[in-house]
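Some features that TrEMBL has for this protein:
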type: DOMAIN; residues: 64-294; note: domain 'ABC transmembrane type-2'
type: TRANSMEM; residues: 74-92; note: transmembrane segment
type: TRANSMEM; residues: 98-123; note: transmembrane segment
type: TRANSMEM; residues: 144-165; note: transmembrane segment
type: TRANSMEM; residues: 171-195; note: transmembrane segment
type: TRANSMEM; residues: 268-289; note: transmembrane segment
Amino acid sequence: MPDTAVADTAPAVPLKELARRHGLSSSGRLVGPFEYLKQLWGYRHFITAHAKAKTVSALGTTHLGTLWQVLTPALNAFVYYIIFGVIIGTGANSTNFVAYLCIGVFVFGFTQTVVGQGANAITGNLGLIRALHFPRGSLPLSTVLVEIRNFVTALGVLVIIVLFTGERPNVEWLLVIPALLLQSLFNIGLALFFARLGSRMRDVKQLIPFMMRFWMYGSAVLYPVTRFTEHLHGWKLHLIEANPMLVFIELYRHSLMENVTLAGSPRLLWTEAVIWALFASVGGFLYFWRGEKGYGRG
C-alpha cells in the first residue's frame, strides 16, 4: 500500500490570542476614556436627534409649545422680584435690581434644569438602553444639548429684559459667549455625574430639589452679593466666593451690567470659571465612564 502522508498538526492557538490577531475584544471590556470619547463623537448625530425628540415630546403637547422655554425663567424672575424686590426689599441698595435678579434666575435655572434632567437620563431611558447598543454617555449629553438650546433662546429674552431696565449694550456684552461655553462645560460634567449617581441611587432624585434650593441661596441669585461680604468672614466667605454658580452668575452680570458690585475681580472670576469648567467636565466624564458597563442592568 502506498504510504499515506500525514500533515503535522499545527499547535493550537489560544482563543484569546486568535481574537487579538483579528482585532476582536471582549464584549464586556471597558474601553479607555479616549476611545470612549471617539465613540461619543461617532454618535453625535444620534445625540442631536435624541435631543430634538426630547424637546418635541416635552413641549409638543402644550398649547404654547417652545414658548415655555422662555416663559418659565421669566415667570420665576417675576415671582422672585415680587417677593424679594417688592415685599422684602432685598434690592433696595442695588442700582438695577431687576436686571441683577433676572440674570441670576436665568443663569442658575440653566444649571438647575441640567442637574434634574441629568439625574433621570439613565433611569428614564432603560428601554432604549436595553434594546440598543450605544455609548450611554449619549443620553446625558443629549439632555445638556436640549438645555443649551433652551438657554440660548432664554438668553435672547434676558438681553431684552436687561435693555429695558436701562443697561446699554457695549463690547463687554460679547463676554456672555465664553461665559456660556464655560458654564456649558460645567453642566456637561454635572449631567454625567448625576446620571450615574441617579442610576445607582434612585432616591437622589428626591433630594435634588432641596440641594438646588440650598445652592441657589448660596449663589446670590435673589439678593446682592454684598449680603455675604457684610455678614461672613474668613473661611465661610471664601467658601461662598468659590461657589461655582456664584462665579458663573457674576460673570454674566459683569458682562451685561455696568456699575455692578462683584464677588471678586473679573480676572479672578474668569480664572475660577475655567478651573470649575475643567474640573467638572473631566471629573464628571471619568466618573460616568467608569460605570459604562453597569447602566441598564439589574
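Each residue's number is its place along the chain shown, starting with 1.
For all residues, glycine too, the Cβ spot is worked out from N, Cα and C.
Counting C-beta pairs under 8 angstroms (sequence separation of 6 or more), the transmembrane segment (98-123) reaches the transmembrane segment (171-195) with 3 or more such pairs. If one looks beyond the transmembrane segment (268-289) by at least 6 residues along the same chain, the residues whose Cβ comes under 8 Å of a Cβ in the stretch are 30, 33, 36, 136-137, 140, 179, 182-183, 185-186, 188-193, 195-196, 242, 244, 247-248, 250-251, 254, 262.
A Cβ distance under 8 Å defines the sequence-distant neighbours of the transmembrane segment (171-195), meaning residues of its chain 6+ beyond its ends; these are 107, 110-111, 114-115, 117-119, 121-122, 137, 139-141, 143-144, 147-148, 151-152, 155, 159, 204, 208, 244, 248, 251-252, 254-256, 273-274, 276-285, 287-288. The list of residues near the transmembrane segment (144-165) in space but at least 6 beyond its ends in sequence, with Cβ under 8 angstroms from a Cβ of it, reads 47-48, 51, 54-55, 66, 69-70, 73-74, 77, 96, 98-99, 102-103, 106, 109-110, 113-114, 117-118, 173, 176, 180, 184, 187-188, 191, 256-257.
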